[in-house]
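Here's the structure, in structure tokens; my notes come after.
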Amino acid sequence: MRTLILLTTLLLLALHTQAESPQGSTKEAPDEEQDISVFFGGDKGTALQDAAVKAGVTCSCRTSSCRFGERLSGACRLNGRIYRLCC
């Protein structure tokens, strides 16, 4: 359990650092939503993914903060950049 909390904290810290770093010009609008594939690794990841599908959870990869009713669920990588995974 402690390991999971530590890994989650490190992931969020890396995501926060990535969000604050100066970004070069992008070809996409900052608030544009992208269709992505989200993969969870390992046996527990499969259980998490199955639970999300059963619950009807919709996740989006966002450049800015999560919208009302969404919460930060992790990070996603798109075209080599890391974004917020909001569900």
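Please read every residue number as a count from 1 along the shown chain.
Any Cβ shown, glycine's included, is placed from N, Cα and C.
Bear in mind that the values here come from a model prediction, so they are computed numbers and not experimental data.
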(message) According to Swiss-Prot, the disulfide involving C66 connects it to which residue among C86, C87?
(response) C86
(request) Identify which of C59, C76 is listed by Swiss-Prot as the disulfide partner of C61. (result) C76
(request) Please give the sequence-distant neighbours of the signal peptide (1-19): residues at least 6 beyond its ends with Cβ less than 8 Å from one of its Cβ atoms. (result) 72, 74-75, 81-82, 84
(request) Rounded to the nearest Å, what's the C-alpha distance separating C87 (disulfide bond) and C61 (disulfide bond)? Just drop the number here, would you? (result) 9
(message) In whole Å, how far does the CA atom of C59 (disulfide bond) lie from that of C66 (disulfide bond)?
(response) 10
(message) Validating a neighbour-count step here. Other CB atoms within 10 A of the CB of C66 (disulfide bond): how many?
(response) 15
